[in-house]
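Shown next, in structure tokens, is the structure this report addresses.
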Amino acid sequence: MAATGTTASGESAYYVTTPIYYVNDAPHLGHAYTTVAGDVLTRWHRQRGEKVWYLTGTDEHGQKVMRTAEANGVTPQEWCDKLVEDAWKPLWEHLQIANDDFIRTTEPRHTDRVQEFVQDLYEKGEIYKGGYEGPYCVACEEYKSPGDLLEGDLCPIHKRPVEWLKEENYFFRLSAYGERLLEFYERNPDFIRPASARNEVVSFVKQGLQDLSISRSTFDWGVPIPWDTKHVIYVWIDALLNYATAVGYGSDQEKFDATWPANIHLVGKDILRFHAVIWPAMLMANGLSLPRGVFANGWLMVGGEKMSKSNLTGISPRELTEHFGVDAYRYYFLRAIPFGQDGSFSWEDFSARYTSELANDFGNLASRVAAMVGKYFEGTLPEATDAGPAEQAIADGLAAAAAQADTLIGDNLDFSAGIGAIFEFVKQVNGYLSDQAPWKVAKDESPEGQARLATILYTAAESLRAIAVLLHPVMPGTSAKLWASLGAEPHLGALADQRIADVATWGGLPAGAQVVKGEILFPRLENA
RNA sequence: GGGGCGGUAGCUCAGCCGGUCAGAGCAUCGGACUCAUAAUCCGUGGGUCGUGGGUUCAAGUCCCACCCGCCCUACCA
């Protein structure tokens, strides 16, 4: 199912999800990384002219939230409300995330449907009552895997003896789905990407699946099991189902049909398995169609170390955006780290890329072109009447960059290479200007000389028109500034309405456009 | 313990089935230019390709051992 061309009316939307993030803490760089990636992907598809639905949200049930709320002297719901409204939603707005919806697992539109879903599975015999027993550490307040225990049945964290506890749970018959899942992976080799993630999941499933406990009765901050309200649904069924409940499952069939299933579930690799194994099995059990793909992104490493809870808080998204700006932030992580791999980043590397790629190559190009159109043509874009091989090379370069970026970003989720292709074109245009040296041509006042000067500057400005469009999904704010600087809107309409398919069609920006040298796109960094 | 991945110029990384594979970008240095955010363009230098063996006419590129880092090996979001 390669995504090609535009979506005909009636077909379901290009539907992308982020994980629903656990609201125990404020959002950190890892959350923002996944969310920005999804935003760029969905913005790209919108500019392909497709119907798009981009969903994010929060996971609000569970023991940790309950405890944190208690520790802060508020109810769990109050705690969630506060974090969502004060921390999560504001950050997404700040980062220019254009999500179409924001689902919270405490909303009735979710909890009601979750109850119906488990009730349905129960009636189908997919859920049964069983017991879980195992070594339990009182200090951790959780069960341990027998394999994790130290010599003498000691908790590996607290070094104290565990107790053997037994608890009544409801179980989902996950074990019955191993073969069907393997068959599904086989038939849909791109279901799990990247390939390394796929291999891990396949080998995991081949080891055999056990049934999954889906309820807890030891705490009550969750969705009650409808037929046995002493139990609340435990994490997976509750959390994963958000992808369905948010788009009208069980409540708005029309919307559901127009959206389901997801084209891409973006996940951190820590929760890959739940999305690649449990989630499809749940859907199989209930007879819903399966998502087209799950894409696992890697860890962000700081100074070679995995970002953990402790050092994640070391740098917050806002610290970076305050220094580098929102657009540079969106750009940096996707450009510097191949999506799907772990990647190390540093303040120094961010600074280096900002200066070299954004300020020097891109920002300065926009600046010099606008300055020359202003200086030599009073800001009115001249007509290109004397185009030759050099101009054709630019047009060809643009076509190549647009085609590559479209495949790499829109289909492969290879943001790094896709952005790289666009920036190759930026460099090509800089080289073109150096070769043509319009500031020298300007001294030739003959009609021929002026025709060349006009052609050169038109070519550069028209290139910037395309660059603004191609970079819009990645850096919406900066692209809008550039769009305004080129005087494009009165002739071409809104930047967001520009189509990827048309971006390389030469001559879009008409002569006569009013080019103004706007503000500097990427100011030089203070004490960089 | 088992499985998998990685260790290549100062930095981040490309190098598929062995034979111009010793590369790119950034940084450094030199030159050109002046439209531009002291920006741009061109060019130079720089590497025991983790360590030790082995196979081969020929090995970052295959085999073995070892060192270092990381991931997976189910109920933590």
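Residue 1 is the first one shown; counting continues down the chain.
A Cβ is built for glycine as well, from the same backbone N, Cα and C atoms used for every other residue.
Bear in mind that the values here come from a model prediction, so they are computed numbers and not experimental data.
Annotated Zn(2+) binding site per TrEMBL: A:Cys137, A:Cys140, A:Cys155, A:His158, in sequence order.
Positions annotated as domain 'tRNA synthetases class I catalytic' by TrEMBL: A:22-131.
What TrEMBL records for A:152-369 is domain 'Methionyl/Leucyl tRNA synthetase'.
The feature domain 'Methionyl-tRNA synthetase anticodon-binding' is assigned by TrEMBL to A:381-526. On the 0 to 100 pLDDT scale, the domain 'Methionyl-tRNA synthetase anticodon-binding' (A:381-526) averages 96 in the predicted structure.
What TrEMBL lists as motif ''HIGH' region' is A:21-31. Same-chain neighbours of the motif ''HIGH' region' (A:21-31): 56-60, 62, 64-65, 68, 79-80, 83-84, 87-88, 91, 268, 299-300, 307, 309, 312-313, 315-317, 320, counting only residues six or more beyond its ends whose CB sits under 8 Å from a CB of the stretch.
For A:306-310, the entry in TrEMBL reads motif ''KMSKS' region'.
Here the motif ''HIGH' region' (A:21-31) has, by DSSP, the following mix of helix, strand and coil residues: 3 helix, 2 strand, 6 coil.
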